[in-house]
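Q: A single structure is presented below for examination.
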Amino acid sequence: MKGATNLFKSMRKPTNVGNFRQFSVNQVNSDNKRSEPGKKTHFGFTDVDEAEKEQKVHHVFANVAKKYDLMNDAMSMGVHRLWKDYYVGGLQVPYNAKCLDMAGGTGDIAFRILRHSPTAKVTVSDINQPMLDVGKKRAEKERDIQPSRAEWVCANAEQMPFESNTYDLFTMSFGIRNCTHPEKVVREAFRVLKPGGQLAILEFSEVNSALKPIYDAYSFNVIPVLGEILASDRASYQYLVESIRKFPNQDEFARIIREEGFSNVRYENLTFGVCSIHKGMKPRK
């Protein structure tokens, strides 16, 4: 185990399940008017209208929700658990903190935060109701976590239905690349955080060039096949692989975070850049 831990470190660089609120996707779309008619964006490697992308992404995660955690284990050979443990272990969570975990549907990050910080409360938010349903069912089995410490909210990350200056910590794990406008998500995170609040985003990123041929071969030839075998859905996992390649690289995403007002912006690569942890702070007034 010690050897495995050292290897991981060497691969990184500098029944009631709580409250539940729902904001329909249509209502959020109407209120936000984020997508401009006819304006193009990408859905994987395919160009689509912005509004169409949102619906396609929603369809992907509705399809994979029940097999989502199983597929994460299969695709990463369990390494995603190490990434998430390390990510949460490095969070600075104040006493009695209010945390917002966006795109947190199945609860993977929220449950870790609640164990890591016994006084914290977490709002788990996701645009996809089936993902939240899976998370709430998981919460029923988490006997060491008080249901009142978790709130489940169906909402869109590009216009969050939360008051400004509310949260001490904003987390988002493997979700922001699926958003049509990542910069708007970061902007909303800045808004809902208290002054001095922390942003921490875990996302797939640009892998080290030496590993790229092997990584690409595995991603394009193995992951879609696993999706077909384990989840009966090859297309959704083909999109997953493609979406990673379309997301900004580490430096570009750090620039977005900085431009939206965050200070002390930095990132840390895990597993040769397969994923990265991005952090920033909302300046104190």
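Keep in mind that glycine also has a Cβ here, set from the backbone N, Cα and C atoms.
In case it's useful when we look at the structure, here is the feature table from Swiss-Prot:
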TRANSIT   1-30  transit peptide
BINDING   THR106, ASP126, ASN156, ALA157, SER173  S-adenosyl-L-methionine binding site
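For each listed feature, how buried is it and what is near it?
A: Listed in sequence order, the residues of the same chain lying 6 or more apart from THR106 (S-adenosyl-L-methionine binding site) and placing their CB within less than 8 Å of its CB are ALA65, TYR68, ASP69, MET131, VAL134, GLY135, ARG138.
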Q: Please work out which residue of ASN156, SER173 has the most C-beta neighbours within 10 angstroms of its C-beta, and give that one of the binding-site residues.
A: ASN156
Q: Consider each pair of residues in THR106, ASP126, ASN156, ALA157, SER173, all listed by the record as binding S-adenosyl-L-methionine, and report the largest Cα separation in Å as a whole number.
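A: With THR106, ASP126, ASN156, ALA157, SER173 as the binding residues for S-adenosyl-L-methionine, the largest Cα distance is 16 Å.
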Q: Select one residue from ASP126, ALA157: among these binding-site residues, choose the one with the most other Cβ atoms within 10 Å of its Cβ.
A: ASP126
